[in-house]
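> Residues annotated as active site, proton acceptor in TrEMBL: 87. Here TrEMBL flags 344 as active site, S-methylcysteine intermediate. Under the heading [4Fe-4S] cluster binding site, TrEMBL lists 120, 124, 127. TrEMBL lists 170, 171, 202, 225, 226, 227, 301 with the feature S-adenosyl-L-methionine binding site. Taken from TrEMBL, the feature domain 'Radical SAM core' applies to 106-339.
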Ligand code: SF4
């Protein structure tokens, strides 16, 4: 099977294509003009085009399903070359605002949530992806293809930057090598030019890998799916917590280099009568003491077959206000895409069950 052209950093392509300035031109076609064939690369000589055709695959993953939410978010289901599927979501964070004179007052802001693996080893009990077990890691090209596909499908201009969150299906730090390479390709100035500060890795807390990532000093942002403040509940929600407990995660985060203007995000999935009480809030404050932290409370998004329940809004607000009053930055995540199965794995599940 040919290797995907999206698997390579610019330096790697420079090694493979001679003269090396051709690599920059190819990168330009792929990432600024979203070329779908080598044929359309007008400034590339015929013999090099033939070489590219012969040795590289330029096809992006196929979009097999798309759900558009009333809030503008779009959920994608992609088919990989071996027929497996993964999801990604385009979140419209801010809509375009047009002034009275017709000019653009504020342009739209996008965040794309991308997948790292088909399935997942972590086994979170609240997650649909976990139900199918682990199948395989995504290749570098499959990481890249999610963003190029979404930019192309929505005609997002090449100079329009977006944020990337590695938070879809799978655990990015369990696909470490490919994930790191994807971060580098995304931030390539001659390519998509998505600054590393706009890229956030969301991890379920593999502390040894958090430490390793910190040592690489890539300049990306960190988000931790903490969800609980004691090991007993956390191990119930995230079985991998038995191997990497809360203390080890907090220790690793303390060593992680955080940009001066940024904070480490702690995701806290609020489940009714499980972790929505003020005693948990107190423990959380203690735990995050000494960390430049921000807490993001997430409503548990129920799906068929779960016994967990969505918390009451008043309890969420109470929890949030309690943290804020005690000096901790805390937001409640808007449930974007609530009407389009936005929790990871839900679209894939629907497709497999034949629901549309
Ligand atoms: S929530 Fe994320 S880390 Fe946990 S099982 Fe699902 S995909 Fe894996």
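Glycine is no exception: its Cβ is also placed from the backbone N, Cα and C atoms.
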> At the Cα level, what's the spacing in Å between residue 127 ([4Fe-4S] cluster binding site) and residue 225 (S-adenosyl-L-methionine binding site), rounded?
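Per the Cα atoms, residue 127 ([4Fe-4S] cluster binding site) and residue 225 (S-adenosyl-L-methionine binding site) stand 12 Å apart.
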> Out of 120, 124, 127, 202, 225, which binding-site residues have CB atoms lying under 6 Å from ligand 1?
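With ligand 1 as the reference and 6 Å as the Cβ limit, the list reads 120, 124, 127.
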> On the three-state reduction of DSSP, what should I expect for residue 171 (S-adenosyl-L-methionine binding site)?
coil
> Could you round the CA separation between residue 120 ([4Fe-4S] cluster binding site) and residue 171 (S-adenosyl-L-methionine binding site) to a whole angstrom and send it over?
6
> At its widest, how many Å does the recorded S-adenosyl-L-methionine site span between Cα atoms of 170, 171, 202, 225, 226, 227, 301?
19
> Cβ distance under 8 Å to residue 124 ([4Fe-4S] cluster binding site), same chain, sequence separation 6 or more: which residues?
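Once residues fewer than 6 apart are set aside, residue 124 ([4Fe-4S] cluster binding site) is near 130, 204, 225, 237, 238, 239.
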> Measure from the Cβ of residue 301 (S-adenosyl-L-methionine binding site) and count the other Cβ atoms within 10 Å, all protein chains considered.
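Result for residue 301 (S-adenosyl-L-methionine binding site): 17 neighbouring Cβ atoms inside 10 Å.
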> What number of additional C-beta atoms lies within 10 angstroms of the C-beta atom of residue 171 (S-adenosyl-L-methionine binding site)?
27
> Could you please provide the mean pLDDT value for the domain 'Radical SAM core' (106-339)?
92
> Count the Cβ atoms, other than its own, that fall within 10 Å of the Cβ of residue 227 (S-adenosyl-L-methionine binding site), considering every protein chain shown.
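A count of 24.
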> To the nearest whole angstrom, state the Cα distance for the pair residue 202 (S-adenosyl-L-methionine binding site) and the residue listed as 'active site, proton acceptor'.
16
> Which residues of the same chain, at least 6 positions away in sequence, have a Cβ lying under 8 Å from the Cβ of residue 226 (S-adenosyl-L-methionine binding site)?
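Non-local contacts for residue 226 (S-adenosyl-L-methionine binding site): 205, 234, 246, 249, 266, 267, 268, 284.
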